[in-house]
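Undergrad: The structure is given below, and queries will be raised subsequently.
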Amino acid sequence: MTHEFTESYDVIVIGAGHAGVEASLATSRMGCKTLLATINLDMLAFMPCNPSIGGSAKGIVVREIDALGGEMGKNIDKTYIQMKMLNTGKGPAVRALRAQADKSLYAREMKHTVEKQANLTLRQTMIDDILVEDGRVVGVLTATGQKFAAKAVVVTTGTALRGEIILGELKYSSGPNNSLASVTLADNLKKLGLEIGRFKTGTPPRVKASSINYDQTEIQPGDDKPNHFSFMSKDAEYLKDQIPCWLTYTNQTSHDIINQNLYRAPMFSGIVKGVGPRYCPSIEDKIVRFADKERHQLFLEPEGRDTEEVYVQGLSTSLPEDVQKDLIHSIKGLEKAEMMRTGYAIEYDIVLPHQLRATLETKLISGLFTAGQTNGTSGYEEAAGQGLIAGINAALKVQGKPELILKRSDAYIGVMIDDLVTKGTLEPYRLLTSRAEYRLILRHDNADMRLTEIGRDIGLVDDERWKAFEIKKNQFDNELKRLNSIKLKPVKATNDRVQELGFKPLTDAMTAKEFMRRPEIDYATAVSFVGPAAEDLDAKIIELLETEIKYEGYIRKALDQVAKMKRMEEKRIPANIDWDAIDSIATEARQKFKKINPETIGQASRISGVNPADISILMIYLEGNGKAHRKY
């Protein structure tokens, strides 16, 4: 079929949420002429649910996005109202930043960034179809009948894909926050042959700040020392005038109201068909599943400086409006609270992610990429991370350059994508630190050390960032080398000082680095014995030094495991392999291999239901069969 195109682009991104913004900024910054198409320009980078960025695992993803040259970290650093480091009482592997956002300012600031980006056209339009010829993307069709040519298309439609809002007995077609749903595109994605799933998520009511009795709640302030998501943000820019959040709880009266109205709850009446998020359940689901709990935490989170709206985190619900009001008024501090928005549930279509490659390109259609909630994830951060990788790979494909695949040992983003494409997901996927087997080397403090060079190689890290990174890396390397070369000897003067500090005396000579491995010895104490570095070191470099030195043994073990897995990841599996021709593989493994069509032995080994014997048989088969090949 010959198409008459009115406009032509290298890449078209459909949807301007957190995934779409990162995808389009990446492609345009890499030199591709890009169109970012969205149903509503006023909702670009909008936060339809929680007014926050980061959190456990998610905060590390934002740092990874920043290290690669993405935008989310820089944007939240400009627009937050509170910043907090989580899990400070635990090990470095699970520490992560979380920021309360001024949600309207966050969206406005991101829109400004997109509007001034070279090579990037922003258009309010609805895309109804993906145009495909001979198994390859050639463009898109708008609802008004316009055809735009493209060499690659990235679908980042979020919860708008055949979205339906559910509130009590009411159910109607809608995207998030009463925006338009994308119904025709959902139909046409299915017609293209993609397998489609149906998920559900929800959001809590918002209450008016001036109607809250804060005396009945517990204040939750931000940190009083500088912290940032972006490695380029300066401590001098740290916000001192932060806005606190507040903690309250449900109670028995709250639970009674919910239990008495379960017959009206869409979650239990059969109205909701989609699968909801395990790690962010509705309040009615929590009351039923955890009936023994006397109360549940609720955090009152301001949505910005210039609004009275307060987000009631932990109270996600689709109960009828009258029940939501009674529920709110049963809660301490909210007895007279004015509900400004009701909570609701939203159901939406997803593209089942086992159909994707680790580049986030669909296996079925060349040049078609998907990212974000379209792939079955939950959360702004997960969406942004996928959007960045999908955008990078769309640009690399257009330019005929080698693709970028982040491994599980490279980044939490790599863990997430590998989980999605290898295991699929039966519910909205959320990143957790427990999902990462190499979490000690995937830390908040070393994201730039892991990923900045990759960002530079693909063209997303500019000269200013690269110079700052080189300075930091050189300072780190030089100081680590110095600490490993200077020795402390067990002489009387040294041991007298050690004992004065309340520490065990030295029995043998040791390097300053070995001295720092002692749990009680921090960097400041060590340099008080051996003298300071040649130049003043930033606090973040000192933090990195302490972690790398104190956990060196564990880090080395993790890196050994990475090296072993790398050998498996390098063993490619041909795309045209005949799984039925491999004798002795278990039936379940054969079925999973056919469904997922893994690209490497490493990926095959992580598929649920596949055991080591199946992998051994597969490796023997591949060694004796060199005719097959993988081509995309």
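Using the three backbone atoms N, Cα and C, a Cβ is placed for every residue, glycine included.
Sharing the features that Swiss-Prot gives for it:
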type    : residues                                                         : note
BINDING : Gly15, Ala16, Gly17, His18, Ala19, Gly20, Ile127, Ser182, Gln373 : FAD binding site
BINDING : 276-290                                                          : NAD(+) binding site
Undergrad: For Gly15 (FAD binding site), what is the tally of other C-beta atoms lying within 10 angstroms of its C-beta?
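TA: Step by step: centre on the Cβ of Gly15 (FAD binding site), count other Cβ atoms within 10 Å, giving 33.
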Undergrad: CB neighbours of Val288 (NAD(+) binding site) within 10 A?
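TA: Its Cβ shell of radius 10 Å holds 17 other Cβ atoms.
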Undergrad: Just jot down the residues in the same chain as Gly17 (FAD binding site), at least 6 apart in sequence, with C-beta under 8 A of its C-beta; none if empty.
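TA: Non-local contacts for Gly17 (FAD binding site): Met43, Leu44, Ala45, Phe46, Thr156, Gly158, Gly372, Gln373, Tyr380, Ala383.
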Undergrad: Select one residue from Ser282, Gln373: among these binding-site residues, choose the one with the most other Cβ atoms within 10 Å of its Cβ.
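TA: It comes out as Gln373.
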Undergrad: Residues with Cβ closer than 8 Å to the Cβ of Phe290 (NAD(+) binding site), same chain and 6+ apart in sequence?
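TA: Result: His296.
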Undergrad: In whole Å, how far does the CA atom of Ala19 (FAD binding site) lie from that of Cys280 (NAD(+) binding site)?
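TA: Computed Cα spacing between Ala19 (FAD binding site) and Cys280 (NAD(+) binding site) is 20 Å.
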Undergrad: Does Ile127 (FAD binding site) have same-chain partners at least 6 apart in sequence with Cβ under 8 Å from its own Cβ, and which are they?
TA: Ile12, Ile14, Ala37, Val140, Leu141, Thr142, Ala143, Ser182, Leu185
Undergrad: Counting across all protein chains shown, how many other Cβ atoms sit within 10 Å of the Cβ of Ala19 (FAD binding site)?
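TA: 34, counting other Cβ atoms within 10 Å of Ala19 (FAD binding site).
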Undergrad: Applying a 10 Å Cβ distance cut-off over all chains shown, what neighbour count does Cys280 (NAD(+) binding site) have?
TA: 19
Undergrad: Hey, of the binding-site residues listed (Gly276, Arg278, Glu284, Lys286), which one tops the CB count within 10 A?
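TA: Of the binding-site residues Gly276, Arg278, Glu284, Lys286, the highest Cβ count within 10 Å belongs to Glu284.
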Undergrad: Under a three-state reading of DSSP, tell me whether Val288 (NAD(+) binding site) is helix, strand or coil.
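TA: It is helical.
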Undergrad: Given the FAD binding site residues Gly15, Ala16, Gly17, His18, Ala19, Gly20, Ile127, Ser182, Gln373 in the record, what is the largest Cα to Cα distance, rounded to whole Å?
TA: 18
